[in-house]
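Below is one structure, written out as structure tokens; the observations come after it.
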């Protein structure tokens, strides 16, 4: 059966996405309505959300009693940050111990050994920070590790991301009140009301399509057509796939990730797995407008990043459905048919268009899961992936993506107000040097974490020896690796031998700094703003829900963020 034209696949995907994002955004806004100190009410056609309290509230109250959480105890920004860090230290220790000693733990059906200390450090750091960069093959972990180590972290770390936006919303809904809410209450609500039910729905669809789901065995033996024997690792694929795509962790049970039939068996499962990546991140952006009482502003921010996402996806589709100059054979009478596009490293059941849409969805968020091999993409396609990284993953991660985006929004509001001779303010709160210094800290984290290690790697022999491709491609592989770690993404150009002491330690430190330095700065900004008075909007105030503001925001993102990396991109894919 022939695949539909690329433009049809492209249009259908973004149409479905445009319909689902407002629904998911309204739902998330309802989930955290009280925690964001908001007066939000869902529109009439979604008023049935209110009846879900009867299901979720008893579950949440039971978890509060079981864990000793007092959901009414509000925290200042420093207390909130302390709770975030302590929570993640506990996750890191759990993962490190499980990874180091998985050979002594149950459900190790095929007898895999524990990871080395440096690899365990990198893996624990990666999954704790919701980066999920893998310097190991997924088949080297036991079913216990996947289920009770990696699987638990895949739910808890995006729940942390979801717990941050309601606290940041209080910076604008509070009136001289430094309290940002209760971190643990926000984590529980994110798990019970958002991540778990939607992941369960996705997992059921995947199992119906043929995805594997078991914890009772670790390996399937298949007899091949050539009379050989192939041992294929199996585990809780459907459950892991669901949360890995919706919560944007991205790490898979198999080395080939979602290119394998056990994880992603059909074109329908591929669509079901692609959509949650942008939905999970854009829904928080949409919810922002509802929380602060200005839905048009939330829609304007969504529109700005939607334009960037659609444009880069279009570039990727053009690059991957076109011809690959490297495959043009001349002089020996041979001819390579490139009518289907660049099929190297891609699954025939998906084709280049669906692979390109997935690729920009995974690098346009902090997901990192793959259904094709990015190192086999054309130069134009690879450029679109790296440019998405340069914008800090477009919509970034679940929850944390909104906060990173708001740094650009605040900067745009600051610049725009100065351009028209007005006092800088955003949503009624004055923007002063205390906030702006932290905004620049967040924006500068990515280039510092990427470019300094990149410069060191191209002169350090240990890193050079890990490059399996010479010249520009080898440079691009290392650049992609550092982009992936520093943007908390986790995907990779797999031509790079990254399972070395150098990359394990450097990437392990990168993922931690890239996650927690911005969170620290963003909570500090929230603390400063929450203590300020609300200044009423006037005719002279900068309007933040107009096409002009959207255009200025896109320009600021490209100039301030992406162009910082232009020299590195010239040395690599360009």
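Cβ coordinates come from backbone N, Cα and C, glycine included.
A quick note: this is a predicted structure, and the numbers were derived from the prediction, not measured.
As recorded in TrEMBL, the features of this protein are as follows:
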| type | residues | note |
| --- | --- | --- |
| TRANSMEM | 12-32 | transmembrane segment |
| TRANSMEM | 80-101 | transmembrane segment |
| TRANSMEM | 148-169 | transmembrane segment |
| TRANSMEM | 190-208 | transmembrane segment |
| TRANSMEM | 271-292 | transmembrane segment |
| TRANSMEM | 299-319 | transmembrane segment |
| TRANSMEM | 394-418 | transmembrane segment |
| TRANSMEM | 438-460 | transmembrane segment |
| TRANSMEM | 548-571 | transmembrane segment |
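Using a Cβ-Cβ cut-off under 8 Å and counting only residues 6 or more beyond its ends in the same chain, the transmembrane segment (271-292) has close neighbours at 13, 16-17, 20-22, 24-29, 32-33, 36, 38, 40, 158, 162, 165-166, 169, 172-173, 198, 202, 205-206, 209, 241-242, 245-248, 258, 264, 298-302, 305-306, 309, 354, 357-358, 361-362, 364-365, 367, 369, 371, 395-399, 401-402, 405-406, 427. By the Cβ criterion (under 8 Å, sequence separation of 6 or more), the transmembrane segment (299-319) is in contact with the transmembrane segment (548-571), since 3+ such pairs are found. Stretch with the largest number of CB pairs closer than 8 A to the transmembrane segment (148-169), among 190-208, 394-418, 548-571: 394-418. For the transmembrane segment (80-101), the residues of the chain that approach it from at least six positions outside its boundaries are 114-115, 117, 119-121, 123-125, 127-129, 141, 144-145, 148-150, 152-153, 156-157, 160, 163-164, 167, 180-181, 183-184, 187, 516, 519-520, 523, judged by C-beta separation under 8 angstroms.
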